[in-house]
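Here is the structure we will look at, set down as structure tokens.
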């Protein structure tokens, strides 16, 4: 079915792109590499995009793959999957904050020493 094709395609991107990129981001932070916040931004944005597609696909299917019992739906489906929205959202905001601070520092006028 189309839904299965979508899941396979999405998980292939996750395994082959976001997984290794997440590992590179981890290494960049360990080494204080200058690209660490750019990588954090990319990985977080990719994760959020996948989450939006996941929830949107399920919503379009009428939540047919989710158990309708309230505890399961809100606790498991929304709650536990929501962590994958909240954490990347916080990391995305953090990366933007650091990158904006770096840009502000670069944009400051420099005074020549006499």
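Each residue, glycine too, has its Cβ placed from N, Cα and C.
Predicted, not measured: the structure shown is a model, and the values here were computed from it.
Noted in TrEMBL for the protein shown:
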type     : residues : note
DOMAIN   : 1-92     : domain 'EXPERA'
TRANSMEM : 12-30    : transmembrane segment
TRANSMEM : 37-56    : transmembrane segment
TRANSMEM : 71-93    : transmembrane segment
Going by DSSP assignments with H, G and I as helix and E and B as strand, what are the residue counts for the domain 'EXPERA' (1-92)? 77 helix, 0 strand, 15 coil
PLDDT averaged over every residue in the domain 'EXPERA' (1-92): 90
